[in-house]
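Novice: Sending over a structure as structure tokens; questions will come in a sec.
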Amino acid sequence: MRNGPRVQPNGERAIVQIVVRDNNVEQALRALKKKMQREGTFREMKRRNHYEKPSEKKARQKAEAIRRARKLARKRAQREGLIAKRGGTTRR
């Protein structure tokens, strides 16, 4: 399953909805922030803040692809036992 923004059939993004229970606005705000973070809304807002030249966009996408490939290779190596999993040791 993809963690990208949800897109409706007409191509527009879905509206994020949060239910406020028992007038607990703080909890609703935390849930909204978490949902927006998960869907990449903050990253998208930051990216759209300024114009991005096509060459910059291409470089960013290439860097993201390299990052994804490295992460996938690292996870695969951890599964096969070639490298230790991160966070397993404690520092003193």
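Using the three backbone atoms N, Cα and C, a Cβ is placed for every residue, glycine included.
Grabbed the feature section from Swiss-Prot, which reads as follows:
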type     : residues : note
COMPBIAS : 51-67    : compositional bias 'Basic and acidic residues'
COMPBIAS : 68-77    : compositional bias 'Basic residues'
REGION   : 37-92    : region 'Disordered'
Novice: Under the DSSP assignment, what numbers of helix, strand and coil residues are found in the compositional bias 'Basic and acidic residues' (51-67)?
Specialist: 14 helix, 0 strand, 3 coil
Novice: Could you break down the residues of the compositional bias 'Basic residues' (68-77) into DSSP helix, strand and coil, giving a count for each?
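Specialist: Secondary-structure breakdown of the compositional bias 'Basic residues' (68-77): 10 helix, 0 strand, 0 coil.
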